[in-house]
Each structure stands twice: as structure tokens, then as C-alpha cells.
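The signal peptide annotation in TrEMBL covers A:1-18. According to TrEMBL, the feature transmembrane segment maps to A:116-137, A:175-195, A:201-221, A:241-258, A:264-285, A:297-324.
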Amino acid sequence: MKRLFIALFWILSLPVFAQHTADTMTEASDSEAFKPGEMILHHIGDSHEWHWFSTDNNHFTTYLPIIAFQPGKSVEVFSSKHLAEGETYNGLKLEHEHLVAEDGGKVYDFSLTKNAFALLLSSVLMLILFISVGNGFKKRHGQAPRGLQSFFEPIIIFVRDEVAKKSIGPKYEKYMPYLLTVFFFIWFNNLLGLTPGAANLTGNIAVTFTLAAMTLLITLFSSNKNYWAHIFATPGVPKPLLIIMIPVELIGVVVKPFSLMVRLFANMTAGHIVTLSFISLIFIFRSLAISPASLAFGLFINILELLVAILQAYIFTLLTAMYIGGAVEEHHHDEADYQMEGDHIAPTAAH
Amino acid sequence: MLTQYDVSLTDDPPMNLVTPELGLIFWQTVIFLIVLFLLAKFAWRPILSSLKERETSIENALRMADQAKLEMQQLKASNEKLLAEARLERDRILKEASAVATQHIEEAKNKATEEGNRMITQAREAIQQEKNMALAEVKNTAAQLSIDVAERILRRELTDAPAQQQLVDSYLKEVKLN
């Protein structure tokens, strides 16, 4: 257990130091035209190549496969090396990381970008980790948990008891796989995003959009008639007001997952931007004297980001569970109902 | 110093950042669904089911312990009840036995008294009988004696008949009175 903690702290503290050195190395090379905005956006954005670091003479880069689909043409798969430094290959080129056709035709870009590749890696990591934990449960059936099993068990129980059971109610079991997967997916990728050279996966709007869309779809598909009754005939609201209430409630259906998408994206991206901005200060002021303050602030923000990593995973999972809970909730008497019932009962009693 | 550098974000359009890319949405959907499916089947299902199983087994064990405790208490209570009953029974038997004993003694006493009385009565009757028999014998003897006397008188004095007769009568009367 102690060894595990030490390993964990080591892994968690790794990005703090390593990222700084990586940044200094990258940026030192082109110090004469340092543009922090560009550097930061390059770091948090997606890319068709995995740029590790550069020295004065060399770029250490892994070229990822480009998969392009142009309507009317066959699917093309080739290495992004052919497109490096603005080169053109098979009539395709990269403009600000956007794949465009030279003849101006439409291109659908399904490339395994840096984020897609990071997604694959983290997925494999999750599969190995949790399937081994699952096997541990099968192997040591009815025995006390050990190793990884005992590290993840309390977290799984926390998600089950504090998130799913409390927010969804008795029907929680059906949604457990999604909630657990989403929780660990976000947490792991948040942490991986903080490691040096890694992709900012959970700070990518496409990823958070997909996750939020899945939450929306699950909510809609598991909704019962009470959910829709609440939207189209909000209890306790006078009929004329429904003209306003129905659109508001319908917008609410979409706004809820939209907020999930923006919250995760903004939190992770903001953390990266702030950390990188502090590091950039050294290069903006061109002074070594600023580096202690810069590093201290960067370190602080990075430690904070470790907390934010699990917090955002928790918030996303909790809100997803609450939205599902709202959709599957059975009818209950709220205040408005009691008042209406009271009005009905009163004249009967007077008779 | 700061003015030398372009700190703005305009070089790379920031819209890039908030525009979801189709390719990544596609990969995210496909890979996430595969991961979800595989984890649900090979990780979450065994984990959640064993957790549930363990919880139910712990719950059962606790419930059974409670039940055992309750049963122990019941057993203890019933033991005590049995003991109390046994004590009561013992007391009752002792009481009954002493009552029976007293009764026996009483009966024996009564019987003895009765027997004594009976024997006394019998003795009395026997005495009375003996007395009567003795009296009768005395009477007979007296009569015999009188007859003997009379015989002797008769043998000696036959002449003076009426005087003799008178004498005999008077004797007889005297005898009767006795």
C-alpha cells in the first residue's frame, strides 16, 4: 500500500516538473519570436502529429496517420509526415491543423490525431486496469480485496452509493456502467492531460461534446411520462404561463448537457492555459529572475489541477446521475399538488 | 519589454478551440462505446456483483448473529423458566408428601385409638359375661346348697311339715333378695 502511494505521488508529481522542462526546451529554441498565445493554443489544441519536444536543431515528433474522406473519392490513409511543414500530398494539405483540399473540395478528416491517439492509449490503460481489477474480484471471490482492487474499490463504492444511489434512486443499477466509465474516463484523461507531452483530451470540446451528448441521449431514452409531464404541463403553473414555460423547459433539456460540455472543457482548458501562462512569463520578461515566482505559481496551479481533475470527474458524473434521476423519477407530490388537493378537499368537507 | 512580443491570441483563430471536430467526435464515440461495452462486461459487472454479494453476505452474517443472540436469550429465558417450574414442582411435591405423611400418622393414630377402644369394649363385654356366668354359677351353687340343705333338713325333720315349709320359704326369699 505504501509503495502504491509513493508510486502514485511520483506519477502525479511528474507532470509538474517535466512539463516545465519540456516547455522551457521547446520555447527556448525560437526565443526570438516567442508568441505565448500561439504556444499555449498549440499546447492545448489538437494536432495531426505528436510533437514531443524540440532542440535547437531537431524536432522530436511522432507523425500520426491521416485518414481523409473526400466525397466521391476513396478513403485515403497516409502518414502526416507527408503534410509536415505545409507540404501537399495527394491534393491535401494542413492549414492551421485543418485538413483542406487544394481544389477547395470538401474533406472529412477522420485522422487519428494527437487527441484520438491519446484517447486510444487511455482507453487501453483503462481496459487493462479495470479488467484486471474485475478479474481480481472474480479470482478472490468472497475474500478481502488486494492491491489495485483495494485502491479502486472505495472509489467504485463511492460512485455507487454517493452518486448513483442518491441521485437516481432504486433504478440506479442500470446506469452504473455508464457512470463508472464516464467517471474514470474523465479522471484518467484529466490526469493524463497534465502529464508532459500528453494531449489535452478532456479539454477538447469534441470530447466533452460527445460525453454530454451521451448523457443527453441516456436521459431522453430513460425518461418516463412524469419527466415529459413536468415539461409540458409543469404542475402548479397556470395555463397561460405554460406558453412561456414549455420553451423554457425544452431549452433546459438541452442546456443541462450543454453545461456539462462547457464546464469540463473550460475547466481543463483554463487550467492548462493558466499553467502555461505562468511558464510563459519567463520568456515574456526574458528574465531568469522571474522563474522562481513563475515556477511556484505554475506548480501551485498544477497541484490545483490534480484536485480539479477528480473534482470535474465527480461533478460530471454527479450531474449526469442527477439528470438521469430526474428522468426516471416516479411521480411525487410536491407543494403545488398538495395545495390543489387541499382546494378539492375543502368544499367536500363543507358539505 | 512586454510590447516587443505579440501576446494576442489572434494568430491562431480561437474559434478552433470551441469548434468540435467531426473526426474526434467520431473516434470519441466509437472508442468510448467500445470501452463502455468491454468495461461493463468484463469489469463493472463482476466488480459490482461481487460487491453486492459481499454486502449481502455481511448483512446476512450480521442478521444471523443478531438472531443467534436473540435465540440465546430466548434459550436462557426458557431455561430459567424451566428451573423455576422445577423449583415450584419440588416445593409442591414436598408439600404433598408432608401432607400425606401427616395424614398417615393421623390415620394410624385414629386406628390405634379405635383398636384400643374396641379392645376395651371387648374386654368389658368379656368381663360382663364372666360376671354373669359367675353370678349364674353362684346362683346355681346357692340353689344346690339350698337343695342340699333342704334335703338334709327334710331327712331329719319330716314331722313338722308346715313349720318346715315356712322356714324353707323364708330362706328362699332371703336367697332371692341376695
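Yeah, the Cβs are placed from backbone N, Cα and C, and that goes for glycine too.
Tertiary proximity for the transmembrane segment (A:297-324) is limited to same-chain residues at least six positions away from its ends with a CB under 8 Å from its CB atoms, namely 12, 15-16, 19-20, 159, 163-164, 166-168, 172, 175, 178-179, 182-184, 186-187, 190-191, 193-194, 202, 211, 215, 218-219, 222, 256-257, 259-260, 263-264, 267-268, 271-272, 274-275, 278-279.
Proximity of distant same-chain residues to the transmembrane segment (A:264-285), defined by a Cβ-Cβ separation under 8 Å and at least 6 residues beyond the stretch ends, is recorded for 19-20, 23-24, 27, 31, 34, 36, 39-40, 43-44, 186, 190, 193, 200, 202-205, 208, 211, 291, 293-295, 297-298, 301-302, 304-305, 308, 312, 316. Same-chain residues lying 6 or more positions outside the transmembrane segment (A:201-221) and placing a CB less than 8 Å from one of its CB atoms are 44, 46, 115, 118-119, 122, 175, 178, 182, 185-186, 189-190, 192-193, 253-254, 256-258, 260-262, 264-265, 267-269, 271-272, 312, 316, 320, 323-324, 326-327.
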